[in-house]
Amino acid sequence: MEAKKDSARRLRSIDRTRYAEHEDLSDVEDMVSIRGFSLEQKVSCNAYRGNFVRYMEGKDFTYEYVQREALQTPLLFSTKEGLGIKMPEQDFTVRDVKLLVGSRRVVDVMDVNTQKSIDMSMSQFVRYYETPEMEREKLYNVISLEFSHTKLERVVKRPTVVDAVDWVDNMWPRHLKEQQKESTNVIAEMKYPKVKKYCLMSVKGCYTDFHIDFGGTSVWYHVFRGGKVFWLIPPTGHNLQLYEEWLLSGKQTDIFLGDRSEGCQRIELKQGQTFFIPSGWIHAVYTPADSLVFGGNILHSFNIPMQLRVFEIEDRTRVNAKFRYPFYYEMCWYVLERYVCTLTKRSHLIKEYQRESMITDRKPSLDSHSSDSWLEMEEESCDIHIKEEKGNLVEKPSKQSGDESSTTNSTHSNGKDAAEKKQKATLMQQLKRTLSNDSDESSKSIVHSDFPKTPTGSPATDMPCKLTHLTEFELKGLKALVEKLESLPENKKCVPEGIEDPQALLEDMKTVLKEHADDDNNLAISGVPVVMWPKKPSKNRAVGRPKGKIASSPAVKLSANRTSAGARRRRTRCRKCEACLRTECGECHFCKDMKKFGGPGRMKQSCIMRQCIAPVLPHTAVCLVCGEAGKEDCVEGQEAKFNVMLMECSICNEIIHPGCLKTKESDGVVNDELPNCWECPKCNHAGKTGKVYKQKRGPGFKYASNLPGSLLKEQKVNRDNKELTEIVKKKVEREETPKQIPEEQPKKKPTEGIIKKKPEDGHVRKKRKFEKPPDPSVRKRLKLVKEEKLLRKKRRSWKTPDERAMMAKTLRRIKQEPDDDLTEAAPKAKESDQSRSSSPTAGPSTEGSEPKEKKKIRRKRRVSNKELSKELSKELNQEIQKTESSLASENHHPIKSEPESDNEESKKCISTNGERMHNFSKGLNGTPKELRHELFPSLKTTPRANNRPPPSLSPPKCMQMERHVIRPPPISPPPDSLPLANGAAHVMQREVWMAIFSYLSHRDLCICMRICRTWNRWCCDKRLWTQIDLNRCKSITPLMLSGIIRRQPASLDLSWTNISKKQLSWLINRLPALRDLNLSGCSWIAVSALCSSCCPLLRTLNVQWVEGLKDAQMRDLLSPPTDNRPGQIDNRSKLRNITELRLAGLDITDASLRLMIRHMPLLAKLDLSYCNHVTDQSINLLTAVGTSTRDTLLEMNLSDCNNVTDQCLTFFKRCGNICLIDLRFCKQVSKESCEQFIAEMSVIVQFGQTEEKLLQKVS
């Protein structure tokens, strides 16, 4: 008798745990799961003839229908037309599902015969699904593959009405949904109830017993392929009570619930049909043919009492949290908040949530009208009378914002002033809502333009007087929702963090329900959703080249330090130069600030080595005058291209087409170093100048001071040098010093501003200097060109005819023999020099002083934006290569020349072969100082400047070379045959040799590698070196590391070695296929290399007896890495695939175990031996409800854990898959408790003691 009682009790216990899915499929379970009825008979029986399903067409399924009928009747649609459903093509199969969700995606697969779930990858299930029916040993069914946030999500679209009523879309804060990254339904990574879209894949014969969908959710169900048979039981009080008793009876497999319920209907769904199951309906499903179904679950506002009742049934029947609606009560709180916010315009969300989800307390003031982001609209979409109304309202600025806000939080005011304030606020809110409705394109199809409001009696007193009517279903449901949330104890209220004051929310909801108690149901059925998120303002995306706003007065002058508001644009990368193409150096102060390099991330700057040398205008830039973008690609000819290309002034920052300029008093000076940059004619004519730094590099430019090679200035000097060499061959030797200019000076001396250096000049970058001295002959030739360039530049500064005559005389003397090359070289040098440095007090140049032919020649030399960018990147790359090669070959150290005063800069020097020029000290205007003193001795500013000694050279400094990871090209594959001495190939092919090598030890393989080159490569095949053991190796040398990398092992043992962090980092960066790593006995400093984003996805990790590894270090080891590379957005732990973890001898606590539960969902073998802080509570934590380790744990080693007692064995009973428990040498665990554990588990799983306190499952 006693045995019978125990047996019955145990059977019931077994059945209860069917929700937990932790048991083995033992013989006892198989016996319990045998059905007591014939499923084939139930499919063909005609007894289930209830008439509950309503047949509809998609066009009739509208939001107005939902308001009228409340979604309480099952609906069947023969086609998807009119529903708004989007489905894949007809040839879509489960193999395509695998491709879109990932072949490694783990899914819960239900064994139909035992009603137990097992884990399979999608690849495994698809292989089973495609197996012929006769070859399937078991029936497997996938009913819980949620595919939101996968590629499959874009292929399947829900019915339109479902989107309109779903609480997830309309109640849950939007910014939380946008933060969801994890595609699986791991509760720890879930940001919202992720139950919107499911894929159900069933083979013929699958059966799911009677159930109610979790949380009382309603279900939409589209049969894409195959068919289904449903048994439906209506959710009457009697049926729900019967269903609850049936669940608790333990006889589900013996009783077909449809035979005992009040009414049951069997209905067969065919391919292409869509089914809607309301909340609370009890149903069972049979699959007559292999099927593929798409569906989803929703909670809505029209059947809330039934949803709450189903949730209570789940509480009483103790359904596992894994199979329940996630964040159920949190969702209920957000539902109340959204209704209160919509009806009273008062939000109970915290400020951060209001800002993120774009809900703000819309105060009836002018400021709120202009600042509310979700009320932004285009004025063009508004009617004329609305604009007039807006104008009347805006005439008087609102001064009562503070008063109205206080009125909002207080009781109603009965005074005359308060009434006037309410009236003004009402008008303003009506205007806002009207304008926002006109601009809300997404709501045009279902939202009426005359959107009613809630009355003034609501908690927010500044609302319009029109009433939003609620349906009777919504009123009844919201009332039940308030009562339910009030009745919950404090520890079960589950108030989300986004709700600021839950009690105030409940009070406001009660007030709203009182106000709407007498709502007219006919007026409420309007087809308009009451709660709806405001439309987000669309971000301005540049499609083609959008037009900017045209300035009303383009002739308005701006100061030199002020940018034009409509035309200023930040330049963007050219993406072609060497700087743009390289990676971060990781060593500059910008890199050290970046979060991925461990910094705080405050500077928000790119790496110094990646700062573009030729940034271009963004594609959104437009002309200030005409509002058009650049059109140089549409025309032919250099002159026409220049007139229609955008040019940005380096002084006033105006972006303009040269052809749009009306003033032609003076010509603009083009900056050859920066695309689309010049000094516009307006600034040039007015004599304005900007900072030398801006003129050197143009607006919005940052330069990397330690960039290898220099800018095009150096390249341009090289080209000038080559031209100069050709010129000098045609020239005769002439005097080095020309005649002196007469002593009479002009009244105005503009050269003072030239010679006197500005304070900003200190920011101008100095180029590299080398020890090689300049060639005197080449230097003499350079003086001739600089001499002419200076004179041409100064000609514009002299205003009197005498001054011009003197300058022309000197110029004619220099150019005694005219030459075409020099004629072209001089204007080029002049343009480049003026683009770098212009005279602060230079007067306007006269149009007649320069022939038109020279202007044409100069304009022909201006290239378009794209051509210049290509030229810049090409020449820079060549320069960098030349610089690096010369440094590598000659090993010259740069010598830094530092001027002793502000008047000096480094001069230019060139090498003897004429291939390279570098800067020595020169004058600010680009003229060599010696030549300047010889030409214009009277222009010297002060004796102090004249008597300056030559600059001294500082000691040589080592040049910092670039740090790049050099990836060698892939080596050729190993030969397939062994070449012999006579040139023939050996008869045995490579694969035969590989089979022989597989029998050799590693020591023998190393001997074979010495035979010949071919064997050397064959013996390094990674198939022969899956495991490498360096256990207790005294020293790890670089040669050993290279050998490991060459062999690419899957298992590496580095235990009890002195490997350093740098060595381990170098290894794991180059072993992507590494799966098993043993670092026991190493130091934490070395093990910390695993915290990098480059760590491979290990399966086994052994960190036993690691010195210094505690809870804080475990947190760093298990947390997601912080040094993600650009574009790497995976925020999961790099140890998420760990199945075996050995932590023996570590000083860790329960804090580390919580991290393991969170970040190691596949953990199967855990070694905590010799961990003195592990207690019974630790085991309780590992086996708690909802933890992944409760399902996955197979082996547990707790030997020598002195704080573990007999109580831990009761916790191990929760683990359905546990196979080995090692409690040896645990002082507080008795042998009798182990024997009792074996006896209690014998009904489910047979355990035995192979040694004392070593419990092992008997196979």
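Cβ coordinates come from backbone N, Cα and C, glycine included.
Per Swiss-Prot, the stretch carrying the note zinc finger among 3-49, 332-378, 567-613 is 567-613. The Fe cation site recorded in Swiss-Prot includes H211, D213, and the single candidate from H149, H175, H283, H300 that the record places there is H283. As stated in Swiss-Prot, the feature region 'Disordered' covers range 536-562 out of the listed 536-562, 698-724. Cβ packing within 10 Å was compared across the binding-site residues C574, C577, C580, C612, and the lowest neighbour count falls to C580. Following the DSSP three-state reduction, the secondary structure of C612 (Zn(2+) 1 binding site) is coil.
DSSP classifies C580 (Zn(2+) 1 binding site) as helix under the three-state reduction.
Look at the zinc finger (620-686): DSSP puts its residues at 19 helix, 10 strand, 38 coil. Under the DSSP three-state reduction, C574 (Zn(2+) 1 binding site) is assigned to coil, being neither helix nor strand.
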